[in-house]
Amino acid sequence: MLFTIQLIIILICLFYGARKGGIALGLLGGIGLVILVFVFHLQPGKPPVDVMLVIIAVVAASATLQASGGLDVMLQIAEKLLRRNPKYVSIVAPFVTCTLTILCGTGHVVYTILPIIYDVAIKNNIRPERPMAASSIGAQMGIIASPVSVAVVSLVAMLGNVTFDGRHLEFLDLLAITIPSTLIGILAIGIFSWFRGKDLDKDEEFQKFISVPENREYVYGDTATLLDKKLPKSNWLAMWIFLGAIAVVALLGADSDLRPSFGGKPLSMVLVIQMFMLLTGALIIILTKTNPASISKNEVFRSGMIAIVAVYGIAWMAETMFGAHMSEIQGVLGEMVKEYPWAYAIVLLLVSKFVNSQAAALAAIVPVALAIGVDPAYIVASAPACYGYYILPTYPSDLAAIQFDRSGTTHIGRFVINHSFILPGLIGVSVSCVFGWIFAAMYGFL
(Lines of atoms letter the chains of each structure in order from A and count residues from 1; the text may use other names and numbers.)
(Lines give C-alpha, C1' and ligand atoms only; values in the text may rest on other atoms or scores of the structure.)
Protein backbone atom coordinates (compact mmCIF):
# COMPACT_ATOMS: atom_id res chain seq x y z
CA MET A 1 0.00 0.00 0.00
CA LEU A 2 2.80 2.42 0.91
CA PHE A 3 4.57 1.58 -2.35
CA THR A 4 1.45 2.47 -4.33
CA ILE A 5 1.02 5.79 -2.52
CA GLN A 6 4.68 6.68 -3.05
CA LEU A 7 4.49 5.70 -6.73
CA ILE A 8 1.46 7.96 -7.18
CA ILE A 9 3.40 10.83 -5.60
CA ILE A 10 6.26 10.30 -8.06
CA LEU A 11 3.88 10.16 -11.02
CA ILE A 12 2.14 13.35 -9.92
CA CYS A 13 5.51 15.11 -9.72
CA LEU A 14 6.45 13.82 -13.19
CA PHE A 15 3.15 14.72 -14.82
CA TYR A 16 2.94 18.18 -13.28
CA GLY A 17 6.61 18.90 -13.96
CA ALA A 18 6.27 17.81 -17.59
CA ARG A 19 3.15 19.94 -17.96
CA LYS A 20 4.87 23.04 -16.60
CA GLY A 21 7.86 22.30 -18.82
CA GLY A 22 11.47 23.45 -18.72
CA ILE A 23 13.37 23.36 -15.47
CA ALA A 24 10.19 22.66 -13.49
CA LEU A 25 10.51 18.95 -14.25
CA GLY A 26 13.69 18.60 -12.21
CA LEU A 27 12.57 20.95 -9.45
CA LEU A 28 9.37 18.96 -8.92
CA GLY A 29 11.65 16.04 -8.06
CA GLY A 30 12.56 18.03 -4.95
CA ILE A 31 8.94 17.96 -3.77
CA GLY A 32 8.83 14.21 -4.22
CA LEU A 33 12.14 13.80 -2.40
CA VAL A 34 11.06 15.83 0.62
CA ILE A 35 7.81 13.87 0.92
CA LEU A 36 9.56 10.51 0.55
CA VAL A 37 12.29 11.33 3.08
CA PHE A 38 10.51 13.47 5.69
CA VAL A 39 7.01 11.96 5.54
CA PHE A 40 7.71 8.32 4.68
CA HIS A 41 11.23 8.28 6.21
CA LEU A 42 12.89 6.66 3.20
CA GLN A 43 16.67 6.85 3.11
CA PRO A 44 17.77 9.25 0.35
CA GLY A 45 19.35 7.61 -2.65
CA LYS A 46 22.50 8.82 -4.36
CA PRO A 47 22.12 11.60 -6.95
CA PRO A 48 23.75 10.75 -10.34
CA VAL A 49 26.77 13.00 -9.85
CA ASP A 50 28.94 11.36 -12.55
CA VAL A 51 26.18 11.73 -15.12
CA MET A 52 25.62 15.37 -14.19
CA LEU A 53 29.32 16.23 -14.46
CA VAL A 54 29.48 14.69 -17.93
CA ILE A 55 26.42 16.68 -18.99
CA ILE A 56 28.02 19.92 -17.76
CA ALA A 57 31.21 19.27 -19.74
CA VAL A 58 29.43 18.26 -22.96
CA VAL A 59 26.95 21.13 -22.80
CA ALA A 60 29.74 23.64 -22.16
CA ALA A 61 31.62 22.47 -25.27
CA SER A 62 28.50 22.37 -27.48
CA ALA A 63 27.33 25.79 -26.32
CA THR A 64 30.80 27.20 -27.02
CA LEU A 65 30.60 25.74 -30.54
CA GLN A 66 27.30 27.55 -31.12
CA ALA A 67 28.57 30.83 -29.68
CA SER A 68 31.68 30.67 -31.89
CA GLY A 69 29.67 30.28 -35.10
CA GLY A 70 30.97 26.77 -35.73
CA LEU A 71 27.40 25.48 -35.76
CA ASP A 72 26.55 27.91 -38.58
CA VAL A 73 29.14 26.17 -40.76
CA MET A 74 27.47 22.81 -40.21
CA LEU A 75 24.06 24.29 -40.99
CA GLN A 76 25.33 25.93 -44.17
CA ILE A 77 26.74 22.61 -45.39
CA ALA A 78 23.44 20.92 -44.53
CA GLU A 79 21.47 23.51 -46.53
CA LYS A 80 23.68 23.00 -49.59
CA LEU A 81 23.05 19.26 -49.39
CA LEU A 82 19.28 19.73 -49.14
CA ARG A 83 19.00 22.21 -52.01
CA ARG A 84 21.09 20.00 -54.32
CA ASN A 85 18.68 17.08 -53.85
CA PRO A 86 15.21 18.67 -53.65
CA LYS A 87 13.30 15.69 -55.08
CA TYR A 88 14.62 13.45 -52.31
CA VAL A 89 14.07 15.87 -49.45
CA SER A 90 11.73 13.47 -47.61
CA ILE A 91 14.60 10.97 -47.28
CA VAL A 92 17.59 13.32 -47.17
CA ALA A 93 16.18 15.78 -44.60
CA PRO A 94 15.85 13.35 -41.65
CA PHE A 95 19.38 12.08 -42.36
CA VAL A 96 20.64 15.68 -42.30
CA THR A 97 18.97 16.53 -38.99
CA CYS A 98 20.04 13.22 -37.45
CA THR A 99 23.65 13.79 -38.55
CA LEU A 100 23.65 17.31 -37.10
CA THR A 101 22.45 15.89 -33.79
CA ILE A 102 25.08 13.13 -33.85
CA LEU A 103 27.82 15.71 -34.39
CA CYS A 104 26.54 18.34 -31.94
CA GLY A 105 24.99 16.13 -29.24
CA THR A 106 21.68 18.00 -29.13
CA GLY A 107 18.50 17.87 -31.20
CA HIS A 108 17.93 21.60 -30.76
CA VAL A 109 20.05 22.32 -33.86
CA VAL A 110 16.96 21.38 -35.89
CA TYR A 111 15.27 24.77 -35.38
CA THR A 112 17.50 26.57 -37.86
CA ILE A 113 17.24 23.92 -40.57
CA LEU A 114 13.44 23.40 -40.41
CA PRO A 115 12.54 26.57 -42.39
CA ILE A 116 15.02 25.51 -45.07
CA ILE A 117 13.48 22.02 -45.28
CA TYR A 118 10.05 23.60 -45.65
CA ASP A 119 11.25 25.93 -48.40
CA VAL A 120 12.86 23.09 -50.38
CA ALA A 121 9.70 20.97 -50.10
CA ILE A 122 7.08 23.61 -50.94
CA LYS A 123 9.08 25.05 -53.87
CA ASN A 124 9.19 21.55 -55.39
CA ASN A 125 5.50 20.84 -54.73
CA ILE A 126 6.32 18.17 -52.14
CA ARG A 127 3.94 17.86 -49.20
CA PRO A 128 5.92 19.63 -46.41
CA GLU A 129 4.57 17.28 -43.75
CA ARG A 130 6.67 14.48 -45.23
CA PRO A 131 10.15 15.93 -44.60
CA MET A 132 9.15 18.22 -41.71
CA ALA A 133 7.78 15.54 -39.39
CA ALA A 134 10.53 13.10 -40.39
CA SER A 135 13.21 15.72 -39.72
CA SER A 136 11.92 16.55 -36.25
CA ILE A 137 11.84 12.85 -35.35
CA GLY A 138 15.24 12.24 -36.96
CA ALA A 139 16.85 15.03 -34.94
CA GLN A 140 15.76 13.44 -31.66
CA MET A 141 16.63 9.89 -32.74
CA GLY A 142 20.20 11.04 -33.37
CA ILE A 143 20.72 11.74 -29.66
CA ILE A 144 21.29 8.09 -28.71
CA ALA A 145 23.80 7.78 -31.58
CA SER A 146 25.88 10.84 -30.67
CA PRO A 147 29.25 10.42 -28.91
CA VAL A 148 28.73 13.78 -27.21
CA SER A 149 25.05 13.57 -26.27
CA VAL A 150 23.90 13.61 -22.68
CA ALA A 151 21.98 10.34 -23.15
CA VAL A 152 24.94 8.37 -24.52
CA VAL A 153 27.50 9.56 -22.00
CA SER A 154 24.96 8.99 -19.21
CA LEU A 155 24.34 5.42 -20.35
CA VAL A 156 28.07 4.72 -20.62
CA ALA A 157 28.55 6.11 -17.10
CA MET A 158 25.75 3.94 -15.65
CA LEU A 159 27.03 0.79 -17.37
CA GLY A 160 30.69 1.53 -16.61
CA ASN A 161 31.00 -1.13 -13.89
CA VAL A 162 28.82 -3.73 -15.60
CA THR A 163 30.35 -6.72 -17.35
CA PHE A 164 29.02 -8.75 -20.28
CA ASP A 165 30.42 -12.26 -19.80
CA GLY A 166 33.53 -10.72 -18.26
CA ARG A 167 33.74 -7.96 -20.86
CA HIS A 168 33.22 -4.28 -20.08
CA LEU A 169 31.08 -2.10 -22.34
CA GLU A 170 33.42 0.34 -24.06
CA PHE A 171 32.34 3.71 -25.38
CA LEU A 172 32.59 2.61 -29.01
CA ASP A 173 30.82 -0.68 -28.30
CA LEU A 174 27.66 1.26 -27.52
CA LEU A 175 28.02 3.54 -30.55
CA ALA A 176 28.69 0.53 -32.81
CA ILE A 177 25.18 -0.60 -31.90
CA THR A 178 23.28 2.69 -31.68
CA ILE A 179 24.68 4.47 -34.75
CA PRO A 180 23.82 1.85 -37.41
CA SER A 181 20.52 0.93 -35.78
CA THR A 182 19.54 4.61 -35.62
CA LEU A 183 20.48 5.24 -39.25
CA ILE A 184 18.45 2.23 -40.39
CA GLY A 185 15.52 3.60 -38.38
CA ILE A 186 15.98 6.97 -40.13
CA LEU A 187 15.92 5.22 -43.51
CA ALA A 188 12.65 3.54 -42.55
CA ILE A 189 11.18 6.94 -41.65
CA GLY A 190 12.34 8.42 -44.96
CA ILE A 191 10.81 5.62 -47.01
CA PHE A 192 7.53 5.90 -45.11
CA SER A 193 7.50 9.69 -45.46
CA TRP A 194 8.08 9.48 -49.21
CA PHE A 195 4.58 7.99 -49.63
CA ARG A 196 2.62 9.51 -46.73
CA GLY A 197 -0.28 11.91 -47.17
CA LYS A 198 -1.86 13.31 -50.31
CA ASP A 199 0.20 15.07 -52.97
CA LEU A 200 -0.42 18.80 -52.76
CA ASP A 201 -2.24 18.94 -56.11
CA LYS A 202 -4.68 16.28 -54.85
CA ASP A 203 -5.20 17.77 -51.39
CA GLU A 204 -8.55 19.57 -51.61
CA GLU A 205 -8.10 21.33 -48.27
CA PHE A 206 -4.68 22.70 -49.26
CA GLN A 207 -5.88 23.78 -52.71
CA LYS A 208 -8.82 25.59 -51.15
CA PHE A 209 -6.46 27.36 -48.72
CA ILE A 210 -4.07 28.65 -51.41
CA SER A 211 -6.93 29.74 -53.68
CA VAL A 212 -6.88 32.93 -51.61
CA PRO A 213 -4.01 35.09 -53.03
CA GLU A 214 -2.80 36.21 -49.59
CA ASN A 215 -2.60 32.61 -48.41
CA ARG A 216 -0.74 31.52 -51.53
CA GLU A 217 1.84 34.27 -51.04
CA TYR A 218 2.20 33.24 -47.38
CA VAL A 219 2.67 29.55 -48.22
CA TYR A 220 5.13 30.06 -51.08
CA GLY A 221 6.95 33.07 -49.66
CA ASP A 222 10.74 33.26 -49.41
CA THR A 223 12.68 31.79 -46.50
CA ALA A 224 15.95 33.03 -45.00
CA THR A 225 19.03 31.20 -46.26
CA LEU A 226 22.61 30.68 -45.12
CA LEU A 227 23.94 30.13 -48.65
CA ASP A 228 24.59 33.82 -49.31
CA LYS A 229 26.57 34.26 -46.10
CA LYS A 230 30.36 34.19 -46.16
CA LEU A 231 31.34 32.72 -42.82
CA PRO A 232 34.67 33.80 -41.27
CA LYS A 233 37.58 31.38 -40.93
CA SER A 234 37.17 31.40 -37.15
CA ASN A 235 33.80 29.66 -37.56
CA TRP A 236 35.40 26.91 -39.61
CA LEU A 237 38.24 26.59 -37.10
CA ALA A 238 35.74 26.18 -34.25
CA MET A 239 33.93 23.44 -36.15
CA TRP A 240 37.15 21.52 -36.86
CA ILE A 241 38.27 21.81 -33.22
CA PHE A 242 34.95 20.34 -32.09
CA LEU A 243 34.95 17.53 -34.66
CA GLY A 244 38.61 16.81 -33.91
CA ALA A 245 37.80 16.43 -30.21
CA ILE A 246 35.01 13.96 -31.05
CA ALA A 247 37.47 11.96 -33.17
CA VAL A 248 40.05 11.89 -30.35
CA VAL A 249 37.44 10.77 -27.81
CA ALA A 250 36.31 8.02 -30.19
CA LEU A 251 39.93 6.90 -30.69
CA LEU A 252 40.58 6.78 -26.94
CA GLY A 253 37.37 4.83 -26.50
CA ALA A 254 38.37 2.33 -29.17
CA ASP A 255 41.81 1.58 -27.69
CA SER A 256 42.15 1.59 -23.90
CA ASP A 257 45.95 1.32 -24.25
CA LEU A 258 46.01 4.95 -25.38
CA ARG A 259 44.63 6.06 -22.02
CA PRO A 260 46.81 6.41 -18.90
CA SER A 261 46.34 3.64 -16.34
CA PHE A 262 45.97 3.97 -12.59
CA GLY A 263 46.06 0.95 -10.33
CA GLY A 264 46.18 -1.32 -13.36
CA LYS A 265 42.97 0.11 -14.83
CA PRO A 266 42.78 2.49 -17.81
CA LEU A 267 41.32 5.92 -17.21
CA SER A 268 37.52 5.83 -17.31
CA MET A 269 35.90 7.10 -20.52
CA VAL A 270 33.51 9.09 -18.35
CA LEU A 271 36.48 11.16 -17.16
CA VAL A 272 38.05 11.23 -20.63
CA ILE A 273 34.89 12.75 -22.11
CA GLN A 274 34.73 15.39 -19.38
CA MET A 275 38.38 16.38 -19.83
CA PHE A 276 38.28 16.63 -23.62
CA MET A 277 34.98 18.49 -23.73
CA LEU A 278 36.34 21.11 -21.32
CA LEU A 279 39.53 21.26 -23.41
CA THR A 280 37.46 21.70 -26.58
CA GLY A 281 35.56 24.65 -25.18
CA ALA A 282 38.77 26.26 -23.94
CA LEU A 283 40.54 25.87 -27.31
CA ILE A 284 37.59 27.35 -29.20
CA ILE A 285 37.53 30.39 -26.89
CA ILE A 286 41.30 30.92 -27.11
CA LEU A 287 41.80 30.28 -30.84
CA THR A 288 38.62 31.90 -32.23
CA LYS A 289 38.31 34.78 -29.75
CA THR A 290 34.74 33.77 -28.87
CA ASN A 291 33.13 35.98 -26.24
CA PRO A 292 32.67 33.76 -23.14
CA ALA A 293 29.67 35.84 -22.02
CA SER A 294 27.72 34.77 -25.12
CA ILE A 295 28.07 31.05 -24.33
CA SER A 296 25.64 31.02 -21.44
CA LYS A 297 23.00 32.91 -23.42
CA ASN A 298 22.39 30.48 -26.29
CA GLU A 299 19.81 27.72 -26.74
CA VAL A 300 22.25 24.81 -26.39
CA PHE A 301 23.48 26.00 -22.99
CA ARG A 302 19.96 26.73 -21.76
CA SER A 303 18.55 23.35 -22.78
CA GLY A 304 21.61 21.59 -21.40
CA MET A 305 21.29 23.19 -17.99
CA ILE A 306 17.62 22.24 -17.92
CA ALA A 307 18.67 18.65 -18.67
CA ILE A 308 21.06 18.69 -15.70
CA VAL A 309 18.34 19.80 -13.29
CA ALA A 310 15.93 17.25 -14.78
CA VAL A 311 18.39 14.39 -14.35
CA TYR A 312 19.29 15.63 -10.86
CA GLY A 313 15.76 15.88 -9.49
CA ILE A 314 14.07 12.99 -11.30
CA ALA A 315 16.85 10.43 -10.99
CA TRP A 316 17.46 11.23 -7.31
CA MET A 317 13.75 10.96 -6.53
CA ALA A 318 13.43 7.69 -8.45
CA GLU A 319 16.57 6.23 -6.85
CA THR A 320 15.23 7.07 -3.37
CA MET A 321 11.85 5.51 -3.96
CA PHE A 322 12.85 2.41 -5.94
CA GLY A 323 15.92 1.78 -3.79
CA ALA A 324 13.74 1.53 -0.69
CA HIS A 325 11.45 -1.04 -2.34
CA MET A 326 13.97 -2.95 -4.43
CA SER A 327 13.17 -6.36 -2.97
CA GLU A 328 9.44 -6.02 -3.79
CA ILE A 329 10.21 -4.67 -7.27
CA GLN A 330 12.59 -7.54 -7.96
CA GLY A 331 9.91 -10.00 -6.94
CA VAL A 332 7.20 -8.47 -9.12
CA LEU A 333 9.11 -7.29 -12.18
CA GLY A 334 12.27 -9.37 -12.18
CA GLU A 335 10.76 -12.57 -13.56
CA MET A 336 8.48 -10.71 -15.96
CA VAL A 337 11.34 -8.81 -17.58
CA LYS A 338 13.44 -11.96 -17.80
CA GLU A 339 10.57 -13.74 -19.57
CA TYR A 340 9.61 -10.74 -21.71
CA PRO A 341 12.82 -8.69 -22.25
CA TRP A 342 11.03 -6.26 -24.57
CA ALA A 343 9.00 -5.07 -21.57
CA TYR A 344 12.04 -3.02 -20.48
CA ALA A 345 11.96 -1.09 -23.77
CA ILE A 346 8.26 -0.28 -23.37
CA VAL A 347 8.77 0.99 -19.81
CA LEU A 348 11.71 3.15 -20.96
CA LEU A 349 9.66 4.51 -23.86
CA LEU A 350 6.76 5.53 -21.62
CA VAL A 351 8.98 7.09 -18.95
CA SER A 352 10.71 9.09 -21.68
CA LYS A 353 7.34 10.55 -22.63
CA PHE A 354 6.62 11.46 -19.02
CA VAL A 355 9.92 13.27 -18.51
CA ASN A 356 10.45 14.58 -22.09
CA SER A 357 14.14 13.73 -21.88
CA GLN A 358 16.16 10.76 -23.08
CA ALA A 359 18.91 11.28 -20.53
CA ALA A 360 16.46 11.70 -17.66
CA ALA A 361 14.55 8.57 -18.70
CA LEU A 362 17.75 6.53 -18.80
CA ALA A 363 18.92 7.95 -15.47
CA ALA A 364 15.61 6.99 -13.85
CA ILE A 365 15.14 3.51 -15.36
CA VAL A 366 18.58 1.97 -16.03
CA PRO A 367 19.71 1.75 -12.35
CA VAL A 368 16.37 0.16 -11.44
CA ALA A 369 16.60 -2.27 -14.36
CA LEU A 370 20.11 -3.33 -13.35
CA ALA A 371 19.04 -3.76 -9.72
CA ILE A 372 16.13 -6.08 -10.57
CA GLY A 373 18.32 -8.25 -12.76
CA VAL A 374 17.62 -7.04 -16.29
CA ASP A 375 20.39 -8.33 -18.56
CA PRO A 376 22.64 -5.32 -19.37
CA ALA A 377 22.68 -6.53 -22.97
CA TYR A 378 18.95 -5.83 -23.20
CA ILE A 379 19.58 -2.31 -21.93
CA VAL A 380 22.18 -1.69 -24.64
CA ALA A 381 20.11 -3.30 -27.41
CA SER A 382 17.00 -1.32 -26.47
CA ALA A 383 18.78 2.03 -26.11
CA PRO A 384 16.79 3.74 -28.94
CA ALA A 385 13.62 3.22 -26.87
CA CYS A 386 14.70 6.12 -24.64
CA TYR A 387 13.03 8.39 -27.22
CA GLY A 388 9.30 8.27 -26.55
CA TYR A 389 8.26 11.90 -26.29
CA TYR A 390 6.95 11.91 -29.86
CA ILE A 391 3.84 10.08 -28.56
CA LEU A 392 2.17 13.41 -27.80
CA PRO A 393 3.12 16.50 -29.84
CA THR A 394 4.37 18.58 -26.93
CA TYR A 395 8.14 18.64 -27.54
CA PRO A 396 9.58 22.00 -28.73
CA SER A 397 11.04 20.63 -31.99
CA ASP A 398 7.68 19.09 -32.96
CA LEU A 399 5.85 22.31 -32.18
CA ALA A 400 8.48 24.23 -34.17
CA ALA A 401 7.95 21.96 -37.18
CA ILE A 402 4.22 22.70 -37.06
CA GLN A 403 4.86 26.46 -36.86
CA PHE A 404 7.42 26.50 -39.67
CA ASP A 405 5.12 24.55 -42.01
CA ARG A 406 3.12 27.43 -43.45
CA SER A 407 1.11 25.03 -45.63
CA GLY A 408 -0.57 23.54 -42.55
CA THR A 409 0.12 19.95 -43.61
CA THR A 410 2.21 19.24 -40.48
CA HIS A 411 -0.49 19.28 -37.87
CA ILE A 412 -2.08 18.03 -34.65
CA GLY A 413 -5.28 16.07 -35.31
CA ARG A 414 -8.67 16.47 -33.70
CA PHE A 415 -7.93 13.71 -31.19
CA VAL A 416 -4.38 15.03 -30.44
CA ILE A 417 -2.87 11.54 -30.67
CA ASN A 418 -3.43 11.51 -34.46
CA HIS A 419 -0.68 14.01 -35.20
CA SER A 420 2.02 14.15 -37.88
CA PHE A 421 4.81 12.75 -35.68
CA ILE A 422 3.27 9.61 -34.16
CA LEU A 423 3.79 7.24 -37.13
CA PRO A 424 7.35 8.35 -38.04
CA GLY A 425 8.26 8.11 -34.35
CA LEU A 426 6.81 4.63 -33.88
CA ILE A 427 8.38 3.35 -37.11
CA GLY A 428 11.79 4.89 -36.47
CA VAL A 429 12.15 3.81 -32.84
CA SER A 430 10.71 0.32 -33.44
CA VAL A 431 13.01 -0.37 -36.39
CA SER A 432 16.01 1.02 -34.47
CA CYS A 433 15.27 -1.24 -31.50
CA VAL A 434 14.91 -4.32 -33.72
CA PHE A 435 18.26 -3.64 -35.36
CA GLY A 436 19.74 -2.69 -31.98
CA TRP A 437 19.05 -6.26 -30.87
CA ILE A 438 20.49 -7.62 -34.12
CA PHE A 439 23.72 -5.62 -33.79
CA ALA A 440 24.01 -6.44 -30.08
CA ALA A 441 23.80 -10.13 -31.00
CA MET A 442 26.34 -9.69 -33.82
CA TYR A 443 28.86 -8.11 -31.44
CA GLY A 444 28.41 -10.85 -28.85
CA PHE A 445 26.44 -8.97 -26.19
CA LEU A 446 23.32 -11.12 -26.56
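From the backbone N, Cα and C atoms, a Cβ is placed for every residue, glycine too.
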Annotated range (Swiss-Prot: transmembrane segment) out of 163-178, 179-194, 211-226: 179-194
Per Swiss-Prot, the range holding transmembrane segment, considering 296-313, 314-331, 386-403: 314-331
Maximum Cβ pairs under 8 Å to the transmembrane segment (1-18) - stretch from the list 54-70, 179-194, 235-252, 314-331, 342-365: 314-331
Outside the topological domain 'Periplasmic' (40-53), six or more residues from its ends: residues with CB under 8 Å to it: 2, 6, 33, 153-154, 157-158, 270, 274, 308, 311-312, 315-316, 318-324, 359, 363
Counts of helix, strand and coil residues, the topological domain 'Cytoplasmic' (195-234), according to DSSP: 20 helix, 0 strand, 20 coil
Annotated stretches the transmembrane segment (269-287) and the transmembrane segment (54-70) touching (3 or more Cβ pairs under 8 Å): yes
Leading stretch by Cβ pairs under 8 Å, where the reference is the intramembrane segment (134-159) and the options are 88-105, 106-114, 115-128: 88-105
